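A short worksheet on the structure shown next.
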Amino acid sequence: NMPSYAPLADSPAPDVCPVPQQQQQPLTVASNPPYESALAITTATASSSSSESASRRPLVVDEGTVPITFLDASHNRFTISARRHWTVRQLKNSASDVCNTPAEAQRLIYMGALLEDFDTLERALRGLEGEKIVHFYPRPVATQNTSASGDATSDAGDGAAGEGAPDSRRQRDSILVTPEIFQAQQRIRLLAFLLLFICSMNVLTLATIFLGPSAQEDSFDDVPGPPGDPTQITPEASARSWKRSDVWNMLLGLVGVYFGLLGIRSSTETGLNIARRYFYGLLATGIIWISLQYHSDVIVIMRQKKS
């Protein structure tokens, strides 16, 4: 028999699993200097990174506008902020206040081409990337000429037909003198002069052959040289005879002389029709000359094969 013990009435019941309670102390930065310095460094780093990101952030620029620089005849520059969807006419209207010239009297040139009013800036300026410099020239004032019958005519157009015609048709009739076009005129003049010189020499050579003595005619002032080795045969010099192919070469040389003179004239005048005639004539002359040279070379090769 196990002895039984009666619990005491005054003693409290013990806990089943007593857990020691730890007192939580609040984290104070002031009581720990190392933590305070680390917090200060973290705060300074965060502020510097935020300021650096703010400084690296690009400026807010309206992406719908592009700067276009105007350059007048006096080399004065002024910039116009234009919208990407604008036309050339809207650009002129915006620049009228800056250059003190109405839109109707403005002529804008970009890379040697006259800008049309109905073209968009994207098409007229060949893209809007990079710096765009447009040459600005005011339109000259049209003068009125009074004929003997009393009818007033204008130099800018042909009466009522000129009034109803768009500005683009009248603008195509002249090429303005810009630095780009001036350089192009110098190159055209040099090319035309070389063409004129070469074709003139060719024509003079063929004319000398045509008017000179033929190969069959004997000269009376031939002096026989000293006798040499009888076994050594040297060909005697003879004048070149006129050939059938020389007719085509003569005609081609005359055409080259004509287009050479036309090129020199087109480099000094401002007409567009004469420039087109020179271009197409020069192209046709070159094609015909290459064809004749190819034909003559083929004939020579065929003769060599037969022999």
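Even glycines carry a Cβ here, placed using N, Cα and C.
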Legend entry - Annotated range (TrEMBL: region 'Disordered') out of 1-25, 51-75, 226-250: 1-25
Inset, instruction - Report, as numbers and ranges, which residues of the same chain sit near the transmembrane segment (247-266): CB under 8 Å and 6 or more residues beyond its ends. - result: 188-189, 191-193, 195-200, 202-203, 206-207, 210, 274-275, 277-278, 281-282, 285, 288-289, 292
